[in-house]
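According to TrEMBL:
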SIGNAL    1-22  signal peptide
DOMAIN    48-133  domain 'Cytochrome c'
BINDING   Cys62, His66, Met111  heme c binding site
Amino acid sequence: MKRITILTTLVVAMFAVSTSFAQTTVKTTKKTTVVKKTTVSSAKPSAATLEEGKQLLAKNDCLSCHKVDVKLVGPAYKDVAKKYPATAANYDLLSKKVIAGGSGVWGEVPMAPHPSVPPADVKKMIQYILSLK
Ligand code: HEC
C-alpha cells in the first residue's frame, strides 16, 4: 500500500514537472517568433537628393576644408567616396562622424563637430559625397 502511494506521488510529480517544462518551452518559442522587422532603406538616392546634398555642402562650412578632387584640411571627397561604398550603413556612419566630429581616419587633424546641422541635411551631403566616383 505504502509503495503504491510513493509511486503515485512520483508519477504525479513527474507529470507536474513535465507539464511545467512544456509550458516554458511554449513560452520561449513564442518569444523567438517575434522577429523585429528592420527596414532596409534603399541605398540609391535620387538625382534631386544628390543635387540638394551638393548645395548643402556649399551652404555649410564643408567646402572651407574639403574639395571634391584635392586634399585640403580634410580629405578630398572623391577619396572619401573611394574608401566608403555608397551603402545605407556608410551613410549612417559618416553622418554621425560629421555631426559629432572626429579624427584619426585620414590623419591627425580633427574635423570640427556640426551639431546644429539637421541630420537629414547631413545625410544628403554624405549621399552626394559617396556618389562621387
Ligand atoms: C575645420 C575643417 C573641416 C570642416 C569645416 C569640415 N570638415 Fe570634414 N573633415 C575634416 C578633417 C580634418 C577630416 C579627417 C578626419 C579624420 O581623419 O578622421 C574630415 C573628414 C570628413 C569625412 C570623412 C570621415 C571619415 O571618418 O572618413 C567626411 C564624410 C566629411 N569630413 C564631411 C564633411 C562635411 C559634410 C562637412 C560640412 C558639414 C565637413 N566635413 C566640414 C575637416 C573638416
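The backbone N, Cα and C atoms fix where each Cβ goes, glycine too.
Other than the site residues Cys62, His66, Met111, same-chain residues with C-beta atoms no more than 8 angstroms from the centre of those residues' C-beta atoms, the heme c site, are Asp61, Leu63, Ser64, Cys65, Val73, Gly74, Val98.
Between the two most distant C-alpha atoms of the annotated heme c binders (Cys62, His66, Met111) there are 10 Å. Long-range Cβ contacts of His66 (heme c binding site) within its own chain (separation 6+, distance under 8 Å): Leu57, Leu72, Val73, Gly74, Pro75, Ala76, Tyr77.
Here the domain 'Cytochrome c' (48-133) returns a mean pLDDT of 97 for the predicted model.
Each residue in the domain 'Cytochrome c' (48-133) gets a DSSP state, and the totals come to 47 helix, 2 strand, 37 coil.
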